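Feature list (source: TrEMBL):
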- A:27-45: transmembrane segment (TRANSMEM)
- A:57-77: transmembrane segment (TRANSMEM)
- A:83-100: transmembrane segment (TRANSMEM)
- A:107-126: transmembrane segment (TRANSMEM)
- A:138-160: transmembrane segment (TRANSMEM)
- A:181-206: transmembrane segment (TRANSMEM)
- A:237-255: transmembrane segment (TRANSMEM)
- A:276-305: transmembrane segment (TRANSMEM)
- A:317-336: transmembrane segment (TRANSMEM)
Amino acid sequence: MTARTAAPDERLAPRSPWQRLLSRPEFGALAGLLLVFVIFTLAAGRSGFLSLSGTVNYLEVAAQVGIVAVFVGLLMIGGEFDLSVGSMLGAAGIVLALLIHPDHGHLPLIVAIPITFAVAAAIGWLNGWLVLRTGLPSFIVTLAMLFVLRGASLGFTKLITKLTLVQGIDDQVNTPLGHAFSGNLLGVPASVWWWLLLTAVMAVVLNTTRFGNWVFAVGGDANAARNVGVPVRRVKTILFMLTAMAATLVAIIQVTKYGSADVLRGTQLELNTVAAAVIGGCLLTGGYGSVIGASIGALILGMVQQGIIYTSVDSDWFQVMVGAMILGAVILNNALRSRAMLLRRKK
Amino acid sequence: MKTLALLGLLALASTSAAQNIRIVVVSHGQAADPFWSVAKNGAEEAAKEMGVRVEWRAPDTFDMVRMSQLIDAAVASKPDGLIVTIPDKTALSAAIQRAVKAGIPVVSMNSGSDVAASLGILAHVGQDEYPAGVGAGKRMKALGVTKAVCINQEVGNASLDARCKGFFDGLGSKGDVLPVKIGDPTAIRNAVTAYMQKNPTTNGILTLGPSAAEPVLSALEAGNMLSKVKFGTFDLSTGVLNALSANKMTFAIDQQQWLQGYLPVVLLTNYKRYGLMTASDIIYTGPGFVTPQNAKQVVDLAKKGIR
């Protein structure tokens, strides 16, 4: 802020590391995270929130939102929505569980997992195809898919098993491959590692590759992007496919971890992931946002949801607290971001 | 066009099997809930045996307004019999009374034993929630539980509140109700872990359904708490029964919901055909306790969707 220089082109002006940090899209989310963390440290630090197991506890809950939020965030930057991720998670879990169940598919995990991913990719592709073909908002198309997938999982599962829960696959998932999804590494659940890995990889993809540029371009202005030769349809379809596959990864983690699948899994995931992306600075209108921000948003959600249990707040008021803290984090995020933008312009 | 043909075919298939008696069930339980799929299996089997048609209706979420509208729609279609659940008498009484007034014989099941008779319902098939909760509490007390938590996966359902209240009354001590999110096993599991960290003296846990019981079990296993915590649940599933057989759980309260689907269909069919009805207002299907001693016998039936 004090390092003012009279550079002729403001975009080339050197900025202090502090300023560069301030103008990052994820900075506001980071501040929100800090705020939430401080609140819980003060309110519940002594009852286990700060302990190692308390930390792993909220990280694991955050990871399962975060794995999907990274891709929902990318899709939002690309200008589209996916409301079907929650149903996708439920459906993928059922598909996998039926494929490996000794009374049904009886396939080994190593065969069933690629098939499940292929089913998810096909559904993601269908989402993309429908959006681009009909020109309808993706909000509507994927909303329809939300119902179709949830209903189909229910219908098929009951038709095949007479129940809505697929169980009895413990032996099938208790394998080295299963542990890659359900196990622990250095005391941290595999889902958290998957989340960190995907966040890192996709952050690099978004910020440093041509594909990443295309994502920003199609979300900012699809027509302009098409005019300069960006394959808009391909980019959007790939984003839809990746989102569906991310929900499937979480489904695989849940099936291998709990040895069961039920058709209600993933309920409300679509809202939580959009919330995470928005808390993390992704714009609902597309063209702006960050992968790391979406992951921080998921971390805030997980921290608030689990942190409340360590406080002495009466459980009847849990959801009010969750809502209030999310709102607080977003307001802080926005205030900091607009301040950062202002500083940028002033230079 | 193809869909239309298919729908026509389906309609034909169902009418050809059905006789002239048509019974509509309006339940509050979500079709996706494993508990309710078993109740529905019972109703379907009764329909097959009695040679009648049963139509099962339920709202997508726990929604009393929607349920009341479903009852009204069922009444308008003039069925030969109506089966309802009554998780909230204030919200549903009016609709049920309209059905009774329209001359439709009504039998209630699962929830509503306290109000069934006053609404003009012929019989109630089910379990009293509060006494069942008291039973669970007394059992835990006898096992030496001093501080317990009740885990509620469907906040807003009065029957579940009654279970928790009965539980603490039976136990003779106050305790927390921990609300959790159905459909998110990781959040349920970690919520219990967090709760136990904050309240390490807790030595009793009651869950109100299998969808919560299984993640809780996984939390207790991971935290090596199985030996110090008595853990019971309402309702059965394969996972719950396996846990009981392996001595990882203390008890499961079985309300035999298959019968709650089955019996009302039988009652209404015979009422319609011969004017017969049981004399007792309430036919209790529970609470029965499944414990590690008798769990193995029930496992096979659970796989078939009967227990």
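Quick reminder: no glycine exception, Cβ is built from N, Cα and C everywhere.
Because TrEMBL annotations are produced automatically, they should be read as predictions rather than curated entries.
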Taking the transmembrane segment (A:276-305) as the first stretch and the transmembrane segment (A:237-255) as the second, find out whether 3 or more Cβ pairs fall under 8 Å, excluding pairs closer than 6 in sequence.
no
Have the transmembrane segment (A:107-126) and the transmembrane segment (A:27-45) got at least three CB pairs under 8 Å, pairs 6 or more apart in sequence?
no
When only pairs 6 or more apart in sequence are counted, do the transmembrane segment (A:237-255) and the transmembrane segment (A:27-45) reach 3 or more Cβ pairs under 8 Å?
no
Residue numbers, six or more beyond the limits of the transmembrane segment (A:138-160), whose CB comes under 8 Å of its CB atoms:
80-84, 86-88, 90-91, 94, 98, 104, 123, 126-127, 130-131, 166, 240, 263, 270
Long-range environment of the transmembrane segment (A:181-206) - Cβ separation under 8 angstroms, sequence gap at least 6:
52, 56, 59-60, 62-64, 66-67, 70-71, 74, 77, 173, 212, 215-216, 246, 249-250, 252-253, 256-257, 290-292, 295, 298
